[in-house]
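To keep things clear, I will list the structure first and then write my remarks on it.
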Amino acid sequence: MAFTPAPGNEEILMSSENTVDVGALIDAEGIGRAQWTIIALCGLVALLDGLDLQSIGLAAPGIVAQLHIPPQSLGAVFSAALAGLMLGAFSLGPLADRVGRKGVLIGATLCFGVFTVATAFANSFPVLLACRFLAGLGLGGAMPSFISLASEYVPANKRATIVSLLWAGFPLGGVVGGFLGSWIIPAYGWHSIFIVGGIVPIVIAFALIAALPESVAFLINRGRPREQIVGILRRIYPEKTIADDARFTRRAETSNASVSQLFAGGRALGTILLWIAFFFAFMILVTNSSWTPSLLRSLNVPVEQSAVALALFNFGSLFGSGVAGALVAALGPAGVLSLTLLGGAVAYAGVGWAAPSIVGITIAQTAFGVLLGCASSGLIALAAIYYPSAVRSTGVGWATAMGRFGSFVGPLVVGTLVGAHWGVQTIFAVVAGSILIGAVACLLMPRPKAQD
């Protein structure tokens with residue numbers, strides 16, 4: 001696209017045919033202040049996932065005591081939000097493609113906030129389950145929208161970096177939730193973390209209303225009024241002017257492939273092994289955050305001490321996520337992922353062995369965070385390089401869905417073990433042992449071919 005200088009050293013966004021390719025413009029211009037604002041707002045929504053997951057785990061002992069529910073029922077409480085999250089991602093994601101990213105993102109964030117506050121006032125087990133499910137529904141619906149919205153406002157060559165930055169919001173939210181819970185729950189009770197954790201997304205939703213633009217790509221694809229598109233482009237690129245007769249277009253994106261193509265071309269074994277690895281890696285991540293405070297409380301470890309240990313777990317996960325890409329690129333995915341999952345299994349079993357020593361628990365949790373953070377981020381990188389570009393989005397999406405399914409199943413399994421009166425150390429060891437299945441899957445994973 002050729003740009004023509006205008007008086008005052010501005011630029012007219014116009015090609016020789018008076019047509020502006022907005023995708024090419026975004027790719028050519030880099031990331032400016034307005035785009036960083038969009039990324040920051042989307043990152044705040046990402047942070048809510050980690051904050052919420054940490055909150056329910058830390059509040060669980062107080063919930064059991066006040067609502068007089070059996071401890072094994074916590075598995076259903078933990079998984080209710082994850083069931084809502086999966087349903088929200090699958091149902092509200094397509095809705096955002098039809099009605100717009102911004103509206104769905106705001107509505108989903110408000111839904112999450114309102115029902116998180118409602119969780120604080122749940123007075124029975126069914127009400128608690130309903131509140132957690134609906135909060136998860138909102139959070140799950142927000143995820144596809146904020147990832148798509150942020151991605152569509154950054155250059156293609158920086159898109160993967162920005163998405164990785166947004167994903168870092170999840171463990172960062174866990175860090176915030178851990179330290180917040182260590183202070184607020186002992187001082188004000190378990191209700192307080194849900195009141196704070198619900199008010200924050202409501203405030204964020206109003207910030208989204210005021211400061212977040214709709215996706216220009218969506219507006220163009222839906223044939224929305226030209227004035228709406230012009231207004232957004234002027235916010236993003238204030239130094240440029242737009243020709244009065246300019247028309248807007250966006251180059252077509254390749255549509256997602258069918259899931260059957262993930263098993264074609266000799267990829268069947270690798271796809272199955274990848275799904276197994278995702279299932280167990282993400283299962284243990286969520287199980288740790290949700291069940292660990294309650295399991296340790298039964299060994300007389302105070303909730304505030306568990307909260308600090310879990311905050312350091314999330315901090316370690318941030319570090320592990322940061323080095324995963326470099327390690328996989330330098331040493332290859334099979335060795336790095338199998339070793340980090342093996343080490344993660346030892347570290348998680350070590351949490352149970354170390355209890356009730358808070359020093360030992362904290363060391364084991366921090367090591368576990370580094371290793372599983374590296375493994376989970378490395379798995380996402382492996383999925384991206386295993387599939388060719390024609391099926392890459394579908395491959396990564398289905399692998400991530402398997403991980404979410406694992407995160408739903410894990411808390412229910414631990415609830416069953418608690419109901420069967422298994423010892424705490426035994427539960428830690430059994431759950432840790434399940435990670436070894438993921439490690440073996442990574443070890444057997446076919447070497448990725450050179451992809452486009």
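Cβ coordinates are placed from backbone N, Cα and C, and glycine is handled just like the others.
These features come from TrEMBL:
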- 38-450: domain 'Major facilitator superfamily (MFS) profile' (DOMAIN)
- 76-96: transmembrane segment (TRANSMEM)
- 103-121: transmembrane segment (TRANSMEM)
- 127-150: transmembrane segment (TRANSMEM)
- 162-185: transmembrane segment (TRANSMEM)
- 191-212: transmembrane segment (TRANSMEM)
- 268-287: transmembrane segment (TRANSMEM)
- 307-329: transmembrane segment (TRANSMEM)
- 336-355: transmembrane segment (TRANSMEM)
- 367-389: transmembrane segment (TRANSMEM)
- 401-420: transmembrane segment (TRANSMEM)
- 426-445: transmembrane segment (TRANSMEM)
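Most Cβ pairs under 8 A with the transmembrane segment (401-420) among the ranges 103-121, 127-150, 307-329, 426-445 are made by 426-445. Same-chain neighbours of the transmembrane segment (336-355): 277, 280-281, 284, 288, 292, 295-296, 299, 301, 320, 324, 327-328, 361, 363-365, 367-368, 371-372, 374-375, 378-379, 382, 424-429, 431-433, 435-436, 438-440, 442-443, 445, counting only residues six or more beyond its ends whose CB sits under 8 Å from a CB of the stretch. Each of 162-185, 191-212, 307-329, 426-445 was scored by its Cβ pairs under 8 Å to the transmembrane segment (127-150), and the highest score goes to 162-185. By number of Cβ pairs under 8 Å, the transmembrane segment (162-185) is matched best by 307-329 from the list 307-329, 367-389, 426-445.
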